[in-house]
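Enquirer: Got these off TrEMBL a minute ago, pasting:
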TRANSMEM  12-29  transmembrane segment
DOMAIN    14-300  domain 'Sugar phosphate transporter'
TRANSMEM  41-66  transmembrane segment
TRANSMEM  78-96  transmembrane segment
TRANSMEM  102-124  transmembrane segment
TRANSMEM  136-153  transmembrane segment
TRANSMEM  159-183  transmembrane segment
TRANSMEM  195-214  transmembrane segment
TRANSMEM  229-249  transmembrane segment
TRANSMEM  256-277  transmembrane segment
TRANSMEM  283-301  transmembrane segment
REGION    310-343  region 'Disordered'
Amino acid sequence: MSEGVVKKILISYAYVGIWIFLSFTVIVYNKYILDKKMFNWPFPISLTMIHMGFCSSLAFILVRVLKLVEPVSMSRELYMSSVVPIGALYSLSLWFSNSAYIYLSVSFIQMLKALMPVAVYSIGVLFKKESFKTEVMANMLSISFGVAIAAYGEAKFDTWGVILQLAAVAFEATRLVLIQILLTSKGITLNPITSLYYVAPCCLVFLFVPWVIVEFPVLRDTSSFHFDWAIFGTNSFCAFALNLAVFLLVGKTSALTMNVAGVVKDWLLIAFSWSVIRDTVTPINLVGYGVAFLGVCYYNAVKLKALKAKEGQKKPPPEDEEAGKLLEERDGERVAGKTDSQD
């Protein structure tokens, strides 16, 4: 194995490690802030708005001031018809997922998140972006069955918390499908930085209305609370750094690598939740999540196989490639001969 290949592999592992660390940190940090037994600041809309305000400001600096990232050419009509609906779904997804931390353990939330492929596939079929296949649906049912077992074995099951997390998964899955329909199909690709630049201000606007109704009156009457700049500043910076890590990870490896790294991160979070936070993780929890985990692994393996087959169709066979090169060389010699004779 050449030195260049080893270096490339090590860099890829470094990006994966950074992404896992930051994703891990943001999840645990959010739990710490929102949990009533820890920092005791149960205001998920406010926390999400702080994140969006911070991230949109930094994204603006990177795109418009420092010009380190190229903005996407986008008309106002396209922004209103495509980005605004995606921003609305993203704001709901973040609001509900952060709210779930108040009611559920970190470990159980990661188990419920295993339903994401099920939601994405189901909504993709509904919007006719995916074709219905019995084999795939059977795999989706196995994942759902595993999550149901994990939920049955949950020691501190909270119905409202589960509803919030499932709603967050549904909104996030719909957002991912709409990105394909409203943006990718039109040739527009947003990386995590340009996504924040365009989508974060939308989220801020959409979250403002429920914030005024739900959280602002409570915050106004809570005179004992003082805004901790160190806590919320570092938390917001970690959230932005996570988006930057996604940008680097997908750019240097692939989206599939991030999915596989996500599975590793989930197991680490479950272990951390059990050993450090002292959340109760039962054997039934682990059996259920193990079933769901195998289903997600199979789903990723099928996706990888399909991706390789698609890439294989684009590339000509080795013999055709060699023949093409020989023809190109002969054509080049003929052109060179004609040029010499003309001179």
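Easy rule for this one: first residue shown is 1, then count along the chain.
Yeah, the Cβs are placed from backbone N, Cα and C, and that goes for glycine too.
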Enquirer: Determine the mean pLDDT over the domain 'Sugar phosphate transporter' (14-300), rounding to the nearest whole number.
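Expert: Here the mean pLDDT over the domain 'Sugar phosphate transporter' (14-300) amounts to 90.
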Enquirer: Report the listed stretch (78-96, 102-124, 159-183, 256-277, 283-301) having the maximum count of Cβ pairs within less than 8 Å of the transmembrane segment (41-66).
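Expert: Out of the listed stretches, 78-96 contacts the transmembrane segment (41-66) most.
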Enquirer: Looking only at the recorded stretches 136-153, 195-214, 256-277, which one has the largest tally of CB-CB distances under 8 Å to the transmembrane segment (12-29)?
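Expert: Between the stretches 136-153, 195-214, 256-277, 256-277 has the largest tally.
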Enquirer: Can you work out which residues elsewhere in the same chain, 6+ from the ends of the transmembrane segment (78-96), have a Cβ less than 8 Å from its Cβ atoms?
Expert: 44-45, 48, 51-52, 164-165, 167-168, 171-172, 174-175, 178-179, 182-183, 186, 188, 198-203, 205-207, 210
Enquirer: Select the range from 102-124, 229-249, 283-301 that forms the most Cβ-Cβ pairs under 8 Å with the transmembrane segment (256-277).
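Expert: Going through each listed stretch, the top one turns out to be 102-124.
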Enquirer: Take the transmembrane segment (229-249) and find every residue of the same chain, 6 or more past its ends, with a Cβ under 8 Å from one of its Cβ atoms.
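Expert: Cβ under 8 Å, 6 or more out: 15-16, 18-19, 22-23, 25-26, 29-30, 33, 39, 47, 50-51, 54-55, 58, 191-193, 195-196, 257-258, 261.
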Enquirer: Against which stretches of its own chain does the transmembrane segment (102-124) lie, if we need a Cβ under 8 Å and a gap of at least six residues from its ends?
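Expert: That would be 27-28, 31, 34-36, 42, 44, 130, 136-137, 140, 143-144, 146-147, 150-151, 154, 156, 158, 160-162, 164-166, 169-170, 172-174, 176-177, 266, 269-270, 272-274, 277, 279-281, 285, 288-289, 292-293, 295-296, 299.
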Enquirer: Using a Cβ cut-off under 8 Å, which residues of the same chain at least 6 positions beyond either end of the transmembrane segment (195-214) come close to it?
Expert: 45-46, 48-49, 52-53, 55-56, 58-60, 62-63, 69, 71-72, 74, 79, 83-84, 86-88, 90-92, 94-95, 240, 243
